[in-house]
Each structure stands twice: as C-alpha cells, then as structure tokens.
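> So Swiss-Prot lists these for the protein:
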- R48: NADP(+) binding site (BINDING)
- G281, K296, P297, T298, P299, S300, R323: FMN binding site (BINDING)
Amino acid sequence: MVMFYLGNVLKLSLFGSSHGESVGSLVDGFPVGYKIPLDYIQKYMEYRRPGNTIITSQRKEEDVVKIISGMHNGFTDGSPITMIIENKNVISSYYEELKENPRPGHSDYTLYVKYGDFRNYEGGGFLSGRMTAPLVAAGALAKSYLDSLGIKITSYMKSIGEVTCDEIRGDPYNFETRIPDPEKNSLATSLLVDIMKSGDSIGGRIDTIVEGLPPGVGEPFFNSVESEISRAMFSIPAVKAIEFGDGFTLSKMKGSEANDPFTVLDGHILTKTNHNGGILGGMTTGMPVKFSIAVKPTPSIHKKQDTINLISKEKSEITVKGRHDPCVAIRAVPVVECLTAFVLMDLMMMGGFIDRYGNVRGRSLL
C-alpha cells in the first residue's frame, strides 16, 4: 500500500514525478482566513531551485508555484490547498539505459522489485529529488505561519565533506554552499569544483535550530517531536541519519554530564544546558530544538560503476548521464527548514496550540 501523505491534523500529500508534466502538493487542514504569502513561498522555491550556481544541478526550472484551490481572494478558504509546479526542462533520453541497468546507490533496483515494468524510471520517477519542490512549497506556507508567531527555524550546512562550519556567521542563503562562514564557504566551493571535475559527488550534514516554541509541543507516545521530525526528514531523498541535541555523543556521557539542570529566567523555566536538544519525553521544553541530519553523496555520478542487467542478470557497467548535484545536501537546506515547519505546525494543531480558525493558545508563551 502506497501512502503519499504526511501529517495528522495538518496533512500533506504529493503528486507528480520528475519527468511528468508537473509536481505538486495538497495541503489539508490549514487554518482558514490566513493570507497566503506567495512572495514568501516563491523565495524559498528560489533557494531550492536548480541551476542557480555552477555547483548545483544545471537542470534549469522556473519552479513557479501555482495555487489552484484552497485560496479565495488571497486567503485560505478552509478547503484543501493545491499547489502545482510545472516541469519544463526535462531530458528523458538520459534514462533509457537505466531501464535495465540500475544505478548503484539509487532506488532503480528497489522500484523494479516493487513495481516491475510499470515503474517510472525516468529521472527517478516519484522518488526523485524533484519531489522536494512541492515539499518546499507546502512547508514554506507553514513556515510563514510559524514566523508570525515568533517561531524561528534556521537550517544550514554544518559540513560538506571535511569542510566544517564551527559557528554561524551570517544568513546561510547568502552563501552558495549554505555554509554560513565566508572562509569555509570558499573552501567548500573549491572542493565542489574539484569534485565536479572528477565526475564524483560528496555528502554533507545539515543542522537545524528552532527557537520560540512553547513547552509541551509533541504527543507521546508515537507522535513525539523526534518521531514526527524523523519521519519527515527520511522522506527527503538521500537522508541517511538523524540525531537530536548531542545525539550519539550522549551515549559516551555520564548522567551528571548529559542532564540539563533546570533554572528560572524572567519567570520562565529553562535549562542551563541543552544536551537533549530542547526535547524531553517527546515534548518541547521551551529551549531551542536542535537536530542534525546526514545526507549521503549524490548517487548519480559520471564515473564508471559496476551494476547488473536486470533482464540477463549479467554484470554490466554504467556511466550516469544527465544533470546532477555534486552535493545534493546544499539544495536540501530549504527542504529541511520548510518540512520542519510543517511538522511542528501539525504538532501544534494536534496539541491545541493552534486551531483551524487561526486561534493560538498560550500566545504569551510564544
């Protein structure tokens, strides 16, 4: 059974494929009477859009979001919101060879096992990174709503290969690698140029910080903040790992080191440290929510690779054609940011912090 939806009260469905006429999202449950900020949504589409720099895929798409339902006179009207993004720069001929020869590291083989000859293999079909475009469109709508409540979500490239950012020194979107540090951005750019020349690719790590969330967001047991964010993050192609707070480092610490002592500041209960990433018992503590994801290298590379012919079961070789990112993690930054917003807004609606009519509970906590 295929389920193309995310969310519990606020729901998101996807449709389309990489080389189809369009891709899109359907958002159901969004509060009524909210003015849809089209310019804001388009800004995040531009952050994700391919072809903007030499270090991203040269598939040049306009990625203009068209809303065909759920909006009346610029405001949400209570019905499902349908967002469509056209595919205009498609070259399917690159993928004919892949019909019988699956790319290592890609979903070509698993799609064949599951759907056989009915699978859509062109451009990766509905499992392509292209499907992150409608994720951004829907997520940017939620992010704008949380922005209005004073909830700030920031995602950035913590590292590309061995180039690591130690501190945020500017807006990540002012740097082409999304590493918010001038020196490290320059180093990463040089690394990516070399990677491209060699026909290879490289992975990266994306860190996210959420500030301004009230305590108590999250629904134990199976709808915890961690489980809901994790489910969403693993819907992003190439994401292979996630950790919250100090994550795996906590396994090496003592309880006296890992526990975050409570304190009071200006009448608000906070913690002196934040090793647990602002989450305890699956619910927010009021401290910043922090998590990191690992994104594997783009599997489509221009180096010759060993594979198997699916029909003959004999060994074969493949050199992937087409236009691909040397580091797919870079364009995933706005995807992570926007999808995080969607999940958190859904959890806030589940917990009664926000209702279908835009009423906000405990506004003073925000």
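Any Cβ shown, glycine's included, is placed from N, Cα and C.
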> Do me a favour and check the Cα-Cα span between G281 (FMN binding site) and the residue listed as 'NADP(+) binding site'; whole Å is fine.
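G281 (FMN binding site) to the residue listed as 'NADP(+) binding site', Cα-Cα distance: 33 Å.
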> Could you check what DSSP calls the residue listed as 'NADP(+) binding site' once collapsed to helix, strand or coil?
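Where the residue listed as 'NADP(+) binding site' sits, the three-state DSSP reduction gives helix.
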> Between the Cα atoms of T298 (FMN binding site) and R48 (NADP(+) binding site), find the distance and write it as a whole number of Å.
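About 16 Å separate the Cα atoms of these two residues.
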